[in-house]
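Enquirer: The structure under discussion is supplied below as C-alpha cells; questions concerning it will follow.
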C-alpha cells in the first residue's frame, strides 16, 4: 500500500480511533521497555537473559494471525541511548531512569554491574507513549548500532508473515517515511491493541531460558523489567562504557503477566546515566517499530523535532503521571483489598492457634474454601509452603528465585532486598545465578532454606503436552528439591570449614531427676555421609554427654519434644555454640522408635536386600540398643524432610562412637578439653591459640578431619605411640619422602565429600573430573612410594599403609576412555567417546544432520539472494537468524528479527520449522545426557569402598606429615619423647615449654624441669604469687603429655613418660546460674568427678581448690582432697594453692613435693618481679598487695588492706592451736558431720564426708 493511500484511510478512521484511544493506552503502562546494551555486531548477549518465564497458560496457541495477535499484549519497543539524546522535550520528564543503589547487587563481586528494572513512571517520567515513539524514531546513530532487534516472547509461529505486505517479490525494510502517514484499516495489524488490566494471576508461560546465550564480556545491559514474573536478570561483565561502541538493541517489551500489580519486583538500579548521543533526523522502519512497541496511537502528529508537549499528549488521550499512578493503584486495591483470613488468624495443620502448647510453627492450616479460589501458581506455592512455615522458601520462576509472604519480609528487613508489598503474596527476588550466595547468607543468620526448582523446561513441557491426552494445568511443574540448614550442608561451595559439621539427635531415658539418665546418640556429617551411634548410662551431672558434645560440637540438634529433662538441656547449652540450631520434634510420629525404624528400612530402598543388606552396626543396634536406634530414627525422619535420607543411608557408612575409648586412648573429658583449650580458646571460642591450631598442619581437608579425631583420642598403648613416632621421625629425617608426600597432597580436592555427592548423583561433571584426577594422583603417588621408599618404610606403619592401599589403576584407565574429561571440566557436559553409549551416539548424529540441513538451507539462500556473505547469527534464544547485508532485498515472507545499521536478520517459515526440530532434538539430547550421567555415577559408586579406603590411607599419611611439620615448628629444643611401659606412672621433662605460647614468644619463655612419679613424689603442691605462672605450668605439663601420646615431638630438651590413662583438670572459678549452682558448688562437683574416675595412671591438675568459700572451709576441703589423692589413689599431678599452712600439713608426706614459682620482691616500692622458675620451697606470701599496686589501686586502699591483713594474721596465729589439724576446725565439715551422723572428723573419714556431699 502506498503512503498516500495509508494517509487517506487513516483520515476515514480518525473519529473511531479517537473514541478508543483512551482505553487502549491504559495498557501501555503495564509494559516496560527493556533497555539493554550489547556488544556491537558480535555475540549479542542482550538476549541471554532475555525472556521471562511468565506464568501464563502453557498451551496458548501463539501461531494465530495478526488480528489475533493484535488483541493480546505485545512486547514494547525499548529505545537506545541515541533515541533519547538531544530531543527537545520537557526537562522534567527524563527518558532515562535515575542512578540508584542496586538492592540485588551481590557482594560476591564488587565490580559486577547490574542494571535496574524500573517501574513505567520511573523510566518514562511524564512522557506519553506517542512522545516516546516520536523521540525514538527521529535520530541518527553515529556508528553501527542495533536499530531493530526484538526478541520474541512468543513461539516461532507467532511471527505471522502477513504483516509484511508488499507488491513486489523482494523489498527493502519498510520506509521511515510511513511515520508521518495515516494508517488504514488494512494496516491496523501493525499496531497491536492493548487490553485493560487483568486480575492478579499466578498462571505462567511455558517459555524457558535454556537456550539463552551467556552474557559476554564487553556487554553492559541496562534492563527494565516489567513485572515480578519477569525472569530476565542480566549479569554482565564489568567493562568501561567508553570502551565499546555497542548500542542498545531495540527489544520487545514482555507481555503483561497476570500476577503483577504494576510494580517492578526485580528492580535493579542503573549504576550510571547512559551517555547521550547525537540525535538523528530520520529513522527507518518506523511503522515496524510502532508494531513492535505495541501501543495504539490514534493520530500521531507529524513532528520534525520529535518533541511533544504534555498538553498535546493529553489531547491525544495519554494519561499524565498522576492519572497513571491513580489507575494503577485502583487496579491494585481492587484485586488486593483484603488479606487472606487464614493469614490473619494463623493456625497450624491441626488448627492449633499460636500460643497453644501443641502449636506447631512448622505448619499452616489453609481452609478448603481457600484452595478452591487459588490460581494454579498459588495452589502450587501454598501446597509446598504450608509444611515449611519455619523455613525460607526460594521458589524458582525462570531465571529468578522468589520469596513470598513472611519469607519476603525477612529478605527485605534482614538483607534489604527489594520488596513488592502486596496485601497477599508480597515478594522479593534474587537472580538464579546468585542462589548459592544468598542461601549461604540466610543460613549464616540461622535460617533454614528450602529450594523449589522447576522440574521441566518450557520446551520439554510442550513436548510432553503434545503426548498427553488428558488436559493438564497450565503451570510449569515445580518441586521441593532441597532443604538446607547449617548442620546438614552438602554443597562444597556452601561449606565454610574443612572440619566436619554434625547434626545430632539425642534420646534420653530418665525416670526422675535424681536418677542417672541413659542416652542414645546418633549424629551425621552430611557432607561425607558418615553416621555415628552410641548408647550409654551417664551420671547425674551428664559427664559423658558433656565429653561427647565437646568432642563433636554439633551444629544442629534434634530433641524429643517434652521428653528431655531440663538438666540435660542445660548441659547441652553449656557445650554447644550459641549459633547451633535446636529442633524439637514430636514423639513417636517424628521421633521414631526401633519398630518404626525397622519398618521404614524394610519399606524403603535404602540398602540392598532391605534390612539384610543393612550395615552390621545398625542391625546389632536394632536388637540391643533401643535408645540409640530411636535417636537414629529421629535423624532418619529429619533427613527425609531435607530430601537427604536416601543419599545418606544408602552409603552404609555407619560406625560406633565411643567418646572415651578407655581401652585404647587417653581419656579427656569435656571439662579437660575446655580447660586446656584443645579445640577452642577461652577468649572468643575460636581455634586461634589452641593445640589443634598449633599441631594440625594437614594439607587435605579429609586429613584435617582425621587429625581432629586423633587429637580427641590420643593413644594409650606404648607400642602404638612408638609406631606413630617412628613414621613421624622417618618423614622428618627424609626430605625426599616429605617432598613426595607434599607434592601429591597439596593438589587434592576434598575427595571424601566429593564422592558422597557422586553417590547421591548430584555431582557436577566438572567435580566428577576433579574426583577422577584426584584419585589418579593418589594412585600414582602410592605407586611411587612402593617403588622408591618401600625399603626405608618397611616394618613401619607407613610401610603397612603403602602395601594395604588398593591399586585402582585399571579402573582409572577405563574412565579415561569413557568420556571427554576436558569438555566435562570446561563446559560441564559429559561427551562419551564414540561407541561408549549407543543412545547418545544416535542422538548426536541426528542433531548433526539437522544442523547440516540448516547450513544447506543457508547455501540455498546465498544463491537465491546472490549474496555470499549470508551467515547465521544467534541472538539469545532466537538462534540461527539469517544475517543479511542491509542493502540486499529479501523475500516478502521473511520476517525481520533484529538488525544493525549494516545488517538485518531474518526468519522464515521453513527456517523456523527446522530450528524447532533442532531445539526439540537438543531437549531430548539433554534427557539422554542426564540418564548417561546417572549411569556414570552408578558405575563409579560400585567401587565406593575402595575409593573410601584410598582416602582414609591418604588421610593417615597426611596426619603423619602434619605431626612432622608441627615438630619442626616448635623451635629448639624439641625432642622425641621416650615412652616407658611400667606399672607406676612416671613423667620427666627437662626444659619444658608451653608449645602454644612458645610458638609466638620462644626467646622470652622460661623453661622448667618437671619430674613426677618413679623415684620422685607423685604430687607437687605448688605455691607462688598471683600472676607468677602457676596455671601456665600446669597446662603445659598436660599438653606435653597429650602431644607425646599423640605421636608428636614435645617442646623439651628431654622427655620420658609412662602413657597416662586419663587427664583431669579443675581450673578457674565459674558459677552456674542456670543450674542454681554457686562457684563453690561447681568446684566441689567437678572435684567429686575427679575423685570418682581418676586412677594411679591419671594426671590430675587442681588449681586453687577451695577458693569459693571461707578460708577455713576452703582449707579443709583442699586438705581432705589432697590427702585422698596422695594416700588412697596414688595418681600423678599438681595441686596449686595459696594456703601456705596446707604445705606445712604435708611437709613430711613422702608422695608430696613442695615447690613454688620464684619471684623477686621489692617491699619498698611494692614491686614483684616474676621469674617464672619452678623451684623447691614454699612461697611465704601470695603478694596480693603487690599485685594490687601493679593493677593501679589507690595507695590509700592498699595501705588500709596491708594494715588489716597484718591484724588478721596475728589473730589467726593466736587462735589456731598448733597441735590441731586445721582441717578439723572447719565449720563446714562439722555441720556435715552432724547432718550425716558421722564419727568425729579425722583425715581418713573427711573424703567420705566429701563424697556424700552433692
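If you go along the chain as it appears here, the first residue is 1 and each next one adds 1.
Cβ atoms here come from the backbone N, Cα and C positions, even for glycine.
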Enquirer: Look through 240, 307, 1110 and state which residue has the annotation phosphoserine in Swiss-Prot.
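Expert: In Swiss-Prot, 307 carries the phosphoserine label; others show none in the record.
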Enquirer: For which of 80, 106, 128, 309 does Swiss-Prot record the feature phosphoserine?
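Expert: Checked Swiss-Prot: the phosphoserine annotation sits on 309.
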Enquirer: By the record in Swiss-Prot, which of 205, 286, 687 is the one labelled phosphoserine?
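Expert: The candidate carrying the phosphoserine note in Swiss-Prot is 205.
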Enquirer: For the set 299, 1016, say which residue Swiss-Prot annotates with phosphoserine.
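Expert: Swiss-Prot records phosphoserine at 299.
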Enquirer: Quick one: which residues besides 1024, 1025, 1026, 1027, 1028, 1029, 1030, 1031 have a Cβ within 8 Å of the ATP site's Cβ centroid, in sequence order?
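Expert: In sequence order, the nearby non-listed residues are 1157, 1159, 1170.
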Enquirer: Take the Cβ of residue 1031 (ATP binding site) and count every other Cβ within 10 Å, whichever protein chain it belongs to.
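Expert: For residue 1031 (ATP binding site), the count of other Cβ atoms within 10 Å is 18.
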Enquirer: Here are some binding-site residues: 1027, 1028. Which one has the most Cβ atoms within 10 Å of its Cβ?
Expert: 1028
Enquirer: Here the binding-site residues are 1024, 1026, 1029; which one has the lowest number of other Cβ atoms no more than 10 Å from its Cβ?
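Expert: With the binding-site residues 1024, 1026, 1029, fewest surrounding Cβ atoms within 10 Å: 1026.
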Enquirer: Would you mind checking how many other C-beta atoms are within 10 angstroms of the C-beta on residue 1030 (ATP binding site)?
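Expert: Its Cβ shell of radius 10 Å holds 25 other Cβ atoms.
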Enquirer: What count of other C-beta atoms do you get within 10 angstroms of the C-beta of residue 1025 (ATP binding site), across all chains shown?
Expert: 22
